[in-house]
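Listed features, source Swiss-Prot:
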- 121: active site (ACT_SITE)
- 163: active site (ACT_SITE)
- 1: N-acetylmethionine (MOD_RES)
- 11: N6-acetyllysine (MOD_RES)
- 26: phosphoserine (MOD_RES)
- 163: S-nitrosocysteine (MOD_RES)
């Protein structure tokens, strides 16, 4: 890879306190007892790509060079997977909330799944609108089982390219379905979410000014190669390995030079996810 300088997607900010949510809802349909999600609805689903590159001067946050490469790569990748892709650029935190609220109110009954990609600066539990921070939980809560009924029991994938802190990883040398007939099931409202983070909790996330972020480059490459062959968690494991072994930061600042990164998968999926059927 060409030695263009790498940047990180971070802006220091006090973390928000997590909220505790109780309760669950019964669902009337769309739940399969098979081991894999039903992906043969008339539509694969929506893929919302929020690409925040330029930030208000008052935030003190730098422009995210290379992010447009990520957005274009993601668009091509998910169109090839038959998703309806909607790209949104430079949204404020209020605009992000409004967009997510409106999308959650759409009828997803003929859609197999939902994907949301967030490209921005971040901290642990935080994504940045162009004018300031937004709690990730605020975004994802619109799609909980008790809030977005037409996506209940369907996979909801959130892909997040952003920093989760300010730690640096120096690295270490190493040797080398079918729906059932039951009328009602009760499932947790937080079930069927998957969060694919670009980096581990507390760490910087790297982005190349020319080629885009390490994580999104790798995710798109692995989806293009394996989406018609492997289950999604297996694909993400290959993404982890690619990022961990094939990338190392290049920076004119010695503090940020020769650093490593490992993505992080947080899954509440209840079945296997295949993009083919």
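Every residue, even glycine, has its Cβ placed from backbone N, Cα and C.
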Rounded Cα-Cα span from residue 163 (active site) to residue 121 (active site), Å: 6
DSSP three-state assignment for residue 121 (active site): coil
Residue 121 (active site): tally of other CB atoms within 10 A of its CB: 24
